[in-house]
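Trainee: Before anything else, here's the structure in question.
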């Protein structure tokens with residue numbers, strides 16, 4: 001007779017109790033044996049089913065590849081506006097990588113564009129598509145240049161720490177996800193310390209990095225992206241006409257030669273170890289309104305078209321004459337809603 005789900009969960013919870021406790025909290029041996037004996041039948045089938053274990057505890061490679069790709073596509077379609085290139089490139093890159101059982105190197109994406117265009121948002125969605133806890137997962141690791149690597153005189157120390165951190169976490173979980181924010185503020189040369197982990201090595205000191213994912217976020221190259229977008233607009237072509245080939249090469253060169261970027265003359269670019277330079281186009285007025293609408297709905301507020309329009313109108317736009325693109329993207333939408341929906 002099949003147990004009810006609640007009863008089964010309780011039985012398995014009892015069986016796992018001595019396994020999940022810290023060593024210092026283990027009960028005396030007599031009680032431990034009693035618990036083990038009582039739970040033996042539940043444990044018999046449990047050890048053989050890692051998916052069942054992952055029902056209770058977060059596991060590495062938590063979601064099936066197809067489910068992760070489907071979740072990524074759905075969330076980008078619903079929540080990301082005005083970024084047709086990002087949607088296409090990120091979904092294809094992540095989906096292809098997750099389904100590749102014989103990857104030759106880690107997946108490496110570099111996201112570029114102005115503040116507020118969605119770089120952090122997309123990295124968050126990628127994390128959530130692979131792990132249920134998203135950025136809070138113990139297998140997702142986020143570095144912020146100005147917070148974690150603030151001092152130029154400590155760059156050699158940072159290099160050693162970064163290598164040790166990546167090596168240790170990939171040893172625990174091959175599908176670790178590493179996100180590096182503010183690459184445009186990182187000290188030049190620091191990121192090159194992880195070059196061996198991104199290269200085409202099968203193993204390094206017994207560890208394979210080929211299932212890991214690295215995502216870099218940077219404002220560097222935003223000028224070049226805007227230049228291409230403006231050129232299309234002034235020639236009467238839509239932003240959807242822009243293809244990756246129109247931007248990617250110029251973007252990588254611009255970032256490589258930017259002395260104020262952590263990628264300045266980086267071997268990661270020179271050795272072609274970054275799989276995709278993903279351009280985030282500057283957002284237009286209509287995209288800002290989309291952001292406002294979604295934020296209002298997500299908070300459960302009553303939709304007020306007047307407030308929606310006023311918030312979009314208050315944003316500043318560039319170039320000064322044409323006023324096409326929001327200079328902060330959707331960055332300040334959240335704060336403006338707090339002002340207008342002051343209860």
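Every residue number used here counts from 1 along the chain in the order it is shown.
Glycine too: its Cβ is placed from the backbone N, Cα and C atoms.
Computed from a predicted structure; not experimentally measured.
Residues or ranges marked as signal peptide by TrEMBL: 1-25. According to TrEMBL, the feature ATP binding site maps to 113, 114, 115, 116, 117, 118, 119, 120. What TrEMBL records for 283-340 is domain 'Torsin-1A C-terminal'.
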Trainee: Taking the centroid of the Cβ atoms of 113, 114, 115, 116, 117, 118, 119, 120 as the ATP site, which other residues of that chain lie with their Cβ within 8 Å of it, listed in sequence order?
Mentor: 121, 219, 280, 329, 331
Trainee: For the binding-site residues listed here (113, 116, 118), which one has the lowest count of neighbouring CB atoms within 10 Å of its own CB?
Mentor: 116
Trainee: Could you tell me the mean pLDDT the prediction assigns to the domain 'Torsin-1A C-terminal' (283-340)?
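Mentor: Residues in the domain 'Torsin-1A C-terminal' (283-340) carry a mean pLDDT of 93 in this prediction.
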Trainee: Given a 10 Å Cβ-Cβ cut-off, pick out the one of the binding-site residues 115, 117, 120 that has the most other Cβ atoms nearby.
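Mentor: Highest number of other Cβ atoms within 10 Å: 117.
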Trainee: I want to check the contact list for residue 114 (ATP binding site): same chain, sequence separation of six or more, C-beta distance under 8 angstroms. What comes out?
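Mentor: In sequence order, the residues whose Cβ lies under 8 Å from that of residue 114 (ATP binding site) (at least 6 apart) are 219, 222, 225, 226, 280, 282, 327, 328, 329.
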Trainee: So, by DSSP, how many helix, strand and coil residues make up the domain 'Torsin-1A C-terminal' (283-340)?
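Mentor: DSSP composition of the domain 'Torsin-1A C-terminal' (283-340): 33 helix, 5 strand, 20 coil.
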Trainee: Sequence gap of 6 or more, Cβ distance under 8 Å: name the residues on the same chain that satisfy this around residue 119 (ATP binding site), in order along the sequence.
Mentor: 111, 112, 113, 217, 218, 280
